[in-house]
């Protein structure tokens, strides 16, 4: 009885083990991959991602909410015109809320410019605005006399501080990781489509495989017999 050598058996087993991976590669559907790539490209052409758009909406909400609280504070103190003239034209760091409103405008302009218009994919802009906001509010709370002016002395600084840190958390833990994950998926799908194009070069037309019909065996003899039978008998 013939025995197969050990090297031949190992080669055979390795070839068998490699078959699933080859089947997996050949099972790639180029149509689905191209559709996925086109969806990613269309999303990039369309504009910013959904999660980044949500972040920009929250930044806008920050500005509008602080503005609303500031207007309410102006009305509570005895009328918008009188209080506005006192807080803006005769600005006093220890008693005015106008600087907190300007701080919200500063955050809005920097963040919208960085993450909506320039589409920045780094945290340095949000870190800058949050650091400036935190330092300014801490100094204002310690030095100024806001706490002696009623509830708004507590509400405006605290709300502004909380909103700034929520924006930082949302960008660092939601926007940037999700966009990085989507970009990795796009690169993987693009690489897979390129490999699939190499493995499946395309369906060739039938004309490229055209071959004349084969002649039937013995056809020459049949034609000669037919010609003989058709000859007139003398």
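The backbone N, Cα and C atoms fix where each Cβ goes, and this holds for glycine too.
Just so you know, TrEMBL annotations never went through curation; they're auto-generated.
Per TrEMBL, the feature domain 'MENTAL' maps to 48-219.
Annotation source TrEMBL lists transmembrane segment at 55-76 (among others). Under 8 Å from some Cβ of the transmembrane segment (55-76) lie the Cβ atoms of residues 48, 83-84, 87, 97-98, 100-101, 103-105, 107-108, 111-112, 115-116, 150, 152, 155-156, 159-160, 163-164, 166-167, 170-171, 174-175, all in the same chain and six or more residues away from its ends.
What TrEMBL lists as transmembrane segment is 96-116 (among others).
Residues annotated as transmembrane segment in TrEMBL: 123-145 (among others).
What TrEMBL records for 151-171 (among others) is transmembrane segment.
Among the features that TrEMBL reports, region 'Disordered' is placed at 204-234.
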When the pLDDT values for the domain 'MENTAL' (48-219) are averaged, what is the result?
85
